Ligand SMILES: N[C@@H]1[C@@H](O)[C@H](O)[C@@H](COP(=O)(O)O)O[C@@H]1O
């Protein structure tokens, strides 16, 4: 994996933006997008750019199960506010949090098959989850409903009024689907990601460390700040 260490997340966002631009220039037409605080600086660069995304397709990694699209903490709302309001895509796909489980899983797998992802943006959880694929999830999983771990609920409660308000389940693209992307760009910032980053890059490849499977992909760039790199 190609590892780039930056001073901070602002510099990382600029570097990530350069890679996104390069991929689009080289004919990437389907972007796999992520939510959470990590991609915010990248999306800021994308919003401020002159690039037109209206011919591209976007496919998001995940959505909380049970949240309507217009809920303030839904990933639909996050994407509208952070990117799509300013930069609409030709088509954008995000799992429907209120969708019937079986239908939604089928629909999403079909979407990923129809629009193979050229460049997948990823963050990483403190327990090394990617998308919402928690430790223990099979590397062979496609889209599914994942039960969130205490660590993830705890990390994400900052966005909700209280811990009880954090959804306990989420629709997530599976690891198999993530690995099918031609290129992967993972970002991580802050001391609390340092151990996950270390395990992803240097640890054994194990379903207990979902991001460790990225060691088997042939085109992964990891952009981290100095704090996230502090255990390397
Ligand atoms: N499903 C998302 C992930 O896609 C994200 O990478 C992770 C880290 O979040 P943050 O970027 O806010 O640290 O948390 C969430 O659980």
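Note that Cβ sites are derived from N, Cα and C of the backbone, with glycine treated the same way.
Computed from a predicted structure; not experimentally measured.
Summarising the annotation, TrEMBL assigns active site, proton acceptor to 62, 129. Summarising the annotation, TrEMBL assigns active site, for ring-opening step to 127, 134. Summarising the annotation, TrEMBL assigns domain 'Glucosamine/galactosamine-6-phosphate isomerase' to 14-220.
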(request) Could you round the CA separation between residue 62 (active site, proton acceptor) and residue 129 (active site, proton acceptor) to a whole angstrom and send it over? (result) 12
(request) For residue 134 (active site, for ring-opening step) and residue 127 (active site, for ring-opening step), determine the Cα separation and express it in whole Å. (result) 8
(message) Under a three-state reading of DSSP, tell me whether residue 62 (active site, proton acceptor) is helix, strand or coil.
(response) strand
(request) Check residue 127 (active site, for ring-opening step) against DSSP and tell me helix, strand or coil, would you? (result) coil
